[in-house]
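Now, the feature entries from TrEMBL:
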type	residues	note
TRANSMEM	15-37	transmembrane segment
BINDING	G21, A23, V24, N28	Na(+) binding site
TRANSMEM	44-67	transmembrane segment
TRANSMEM	87-114	transmembrane segment
DISULFID	C126-C135	disulfide bond
Amino acid sequence: MATPERGAWGGKLEFILTCIGSAVGLGNVWRFPYLLFRNGGGAFLIPFLIMLFLIGIPLFFLEITWGQFASLGPLAIFKFCPIWKGLAYSMLSVNLMVFLYYNIIISWCIYYFFASLTTQLPWQSCGNAWNTHFCTTADQFKNISESRSMFVWRDEVNISRYDLKTPSEEYF
């Protein structure tokens, strides 16, 4: 029985783009600007870049080199040192969790994209099945905040309702 031929990369650029696409996922694109803002901008960027070049990139190249040199997956490559077999299982389990997590996020994006293509947006009005009695449209909010009636009371009157929600808040 002949062994099936293994696939190979079409070129160096294809390999590099695949590695970048695998390493830089949705989480990095979404979280990095937030982390940069939250941790002080340039003060965060300098240690981040230092650690990226000292630890991140060398470990990334080590992992790529092992995979290319051995042409094996994580479970097979760590057979040379049985104590590292747990590392292989942890790599596979983390990858499984990340793939499940990001597939859910991508499915939400696809769902909301197609929901936004309808003529009447589902989150535009309060007449939907999921809306509660606290649902209030923007026009109703405007009427609450711009009331022209004169109050005779001298006490404080609180007309703001914190329990009211817009249709989009209830939808999402």
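Backbone N, Cα and C atoms are what each Cβ position is placed from, and that goes for glycine too.
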Completion exercise
Per the Cβ under 8 Å criterion, with at least 6 residues separating them from its ends, the transmembrane segment (15-37) contacts 9, 44-45, 60, 64, 98, 102, 105-106
Handout entry: C135 (disulfide bond) and V24 (Na(+) binding site), distance between Cα atoms, whole Å
Key = 39
Practice task
Work out the three-state DSSP category of C135 (disulfide bond).
Solution key: strand
Handout entry: Neighbours of G21, A23, V24, N28 excl. site residues, C-beta within 8 Å of centre, Na(+)
Key = I20, S22, G25, V29
Problem - Between N28 (Na(+) binding site) and C135 (disulfide bond), the C-alpha gap once rounded to whole angstrom - result: 35
Fill in the blank from the handout: Cβ density check for A23 (Na(+) binding site), other Cβ within 10 Å (all protein chains) comes to 13
Fill in the blank from the handout: Rounded Cα distance in angstrom between G21 (Na(+) binding site) and C135 (disulfide bond) is 42
Exercise for the section: Based on DSSP, name the secondary structure state of C126 (disulfide bond): helix, strand or coil. Expected result: coil
Completion exercise
Counting Cβ atoms within 10 Å of each Cβ, the densest environment among the recorded positions V24, C126 belongs to C126
Practice task
Determine, from DSSP, whether N28 (Na(+) binding site) sits in helix, strand or coil.
Solution key: helix
Exercise for the section: Tally every other Cβ atom lying within 10 Å of the Cβ atom of C135 (disulfide bond). Expected result: 19
Completion exercise
The rounded CA-CA distance in Å from C126 (disulfide bond) to A23 (Na(+) binding site) is 42
